[in-house]
């Protein structure tokens, strides 16, 4: 019975004692972590509107994930090598799930979302205070004492999102450094690029599901089930619309916890891929005995930490890699974190539509590119020198084509008092006193309220009152306003709720932009895999996990944390009109100067990426002049293969020779 149980246990362990099974589990972890991260990025505008906070704070929330990573990355990368790496990864996935759950809590702890409006949900002529009426002062619906602003439940609820994102970052910490080093240690060197390509593909599959989930959640009203959506006076294209962001985070929490389970069944070490089973046993025994040596002394692990830390930090080969990646990640963090906001404001689309289009055009192209790049590196056994040169050329080509984005633009929606005068003349700046004109001074309108209507003349107005409208017909989003004194048109001088559409020409430009973006995504993914392999080969095998950790540390300190914060502050400077909360305090931005937004958004990304190619060129030179620690030249490879063949033939002879009666003699011979 004991032998049967031992055999069953061995068989069970054997199912998980394979590098490809671990690769599959790690790919799922990459999918889950990128699913959560992409969904978070896609919901930034929803969080901004839900809590009425500026973009700078939203950028801080986005960067808080990197803060969580930063707290543990180096220690996990080093001490994780001494511990059971798969189990540490499993715990990390579970912690990510906890973080996602905490992010969703504010929805259950605060009241319903009340957007800024003076319009009642039903057309009641006795209560049409939102229309142009002489000798009557408008108020937001409902009104509160401004002193109550700080007491609003939602005023600090965004801190839950901040803390949850930090915890999510802590949980994500061990996945990349420990997972990649685990694969690098036990995979064939020629298979490593393909495996890394599969991981990177998993990292792109996650965003596909994340964007689809984000698109679905953004199309559902945040308080669905507790409000009658027919009474809403806003649509998904309205900048005040908030989608059901909390649903997606609950889904992400469940996925992360489920993905964590398989990692608790993997062994601490795996057989080296490509070696015979008997040789594997010998090598693994050596590895295990080596790993157990430091445990003879309690302080053995911590004693060597700081001396060990110096090696990758002071390694000359990595000096050019760090600034290159920091500049690149700054640019990409800015570009992808604020891409939904840019497309919404530039092309006048809803969050749900923008997120869906991003997933359709960009991510499949990146996935295909990752797989092809990994396969080509394995197929042609591309050297480190060639990989560095190839990555440099492809990345530079993608960067050059990216300047076409500056040409595919749309103008601001014309809004009287903001971008245009009431006579339709364009104005360079927004001045608060310009929102009033001779046609609406008698109406006693609120000048800060954002209840936009689109007139028959193609000009939008900040509210029906500011358009001089005196009558309304219909309910909800079907409400129509008549007798509008500020609307000069040959027709009925009427207006409908919402901003004016940007027209089919702008929609066509969005299609051109997305096609260009898909093409650039393919070039980017072709360059990413060889570039990442150059980085891995710059690190000694025994320092790989710590080297990856230090690299991630540098990226988080100088790119992941500051980029969304400083760029969010720059975006706030392009705001033309800030929203107003119930109590009168400023809320989220309602309209941006899209021309300034475009120059900052595209210009900052281009400047950061352009400056990154100087250290990239240095990397190409270094790989040609110096022998990298992770590189194996052809002669060494031939000698290793000859030794392996000789050992395998000895192993075969030993099995055929009857004079070896036990395993001890067999191991002695080997």
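Heads up, the Cβ atoms here are built off N, Cα and C, so glycines get one too.
Taking the topological domain 'Cytoplasmic' (1-20) as a whole, pLDDT averages 54 in the prediction. Annotated topological domain 'Cytoplasmic' per Swiss-Prot: 1-20 (among others), in sequence order.
Look at Swiss-Prot and you will find 21-40 (among others) tagged as transmembrane segment, backed by sequence analysis. Outside the transmembrane segment (21-40) by six or more residues, the chain places 15, 62, 65, 86, 89, 93, 96, 100, 103, 165, 168, 172, 175, 179, 182-183, 195, 198-207, 209-211, 213-214, 248-249, 252, 255-256, 259-260, 262-263, 266, 270 with a CB less than 8 A from a CB of the stretch.
Annotation source Swiss-Prot lists transmembrane segment at 60-80 (among others). For the transmembrane segment (60-80), same-chain residues at least 6 beyond its ends with a Cβ under 8 Å from one of its own Cβ atoms are 37, 40-41, 44, 47, 88, 99, 158, 161-162, 165-174, 177-178, 301, 305, 308-309, 337, 545-546, 548-550, 552-553, 556-557, 560-565, 568.
Among the features that Swiss-Prot reports, topological domain 'Cytoplasmic' is placed at 81-86 (among others), with the record citing sequence analysis.
Feature annotation from Swiss-Prot assigns transmembrane segment to 87-111 (among others); the stated evidence is sequence analysis. The list of residues near the transmembrane segment (87-111) in space but at least 6 beyond its ends in sequence, with Cβ under 8 angstroms from a Cβ of it, reads 26, 29, 32-33, 36, 40, 50-51, 68, 76, 80, 153-154, 157-158, 160-161, 163-175, 178-179, 222, 245-247, 249-250, 252-257, 259-264, 266.
As annotated by Swiss-Prot, topological domain 'Extracellular' applies to 112-155 (among others), with the evidence given as sequence analysis.
Per Swiss-Prot, the feature N-linked glycosylation site maps to 124 (among others); the stated evidence is sequence analysis.
Marked as N-linked glycosylation site by Swiss-Prot: 135 (among others).
Look at Swiss-Prot and you will find 156-184 (among others) tagged as transmembrane segment, backed by sequence analysis.
Taking DSSP states H, G and I as helix and E and B as strand, the topological domain 'Cytoplasmic' (185-203) has 14 helix, 0 strand, 5 coil. Look at Swiss-Prot and you will find 185-203 (among others) tagged as topological domain 'Cytoplasmic'.
Sequence-distant contacts of the transmembrane segment (204-224) (same chain, at least 6 residues past either end, Cβ-Cβ under 8 Å): 30-39, 42-43, 46, 50, 107, 112-113, 232, 236, 241-248, 251-252, 350-353, 355-356, 358-359, 363-364, 366-367, 370, 525. Taken from Swiss-Prot, the feature transmembrane segment applies to 204-224 (among others).
Here Swiss-Prot flags 225-242 (among others) as topological domain 'Extracellular', drawing on sequence analysis.
Only residues 6 or more beyond the boundaries of the transmembrane segment (243-267), in the same chain, are considered here, and those with a CB under 8 A from a CB of the stretch are 12-13, 16-17, 21-22, 25, 28-29, 31-33, 35-36, 39, 43, 46-47, 50, 86-87, 89-94, 96-98, 100-101, 103-104, 106-108, 164, 171, 213-214, 216-222, 224, 236, 351-352. For 243-267 (among others), the entry in Swiss-Prot reads transmembrane segment.
The feature topological domain 'Cytoplasmic' is assigned by Swiss-Prot to 268-311 (among others).
What Swiss-Prot records for 277-296 is region 'Disordered'.
The compositional bias 'Basic and acidic residues' feature in Swiss-Prot is assigned to 283-292.
In this structure, the glycosylation sites under consideration are 483, 492, and the one with the smallest number of other Cβ atoms within 10 Å of its Cβ is 492. For residue 486 (disulfide bond), the nearest of the recorded positions by C-alpha distance turns out to be 439; the candidates were 439, 445, 465, 492. Taking the Cα atom of each, residue 492 (N-linked glycosylation site) and residue 483 (N-linked glycosylation site) are about 7 angstrom apart. In this structure, the C-alpha atom of residue 465 (disulfide bond) lies 11 angstrom from that of residue 483 (N-linked glycosylation site). Ranking 156-184, 514-536, 546-571, 606-623 by CB pairs under 8 A with the transmembrane segment (382-405) puts 514-536 at the top. In the three-state DSSP scheme, residue 454 (disulfide bond) falls into the strand class.
As a summary of secondary structure, the topological domain 'Extracellular' (572-605) carries 13 helix, 13 strand, 8 coil according to DSSP.
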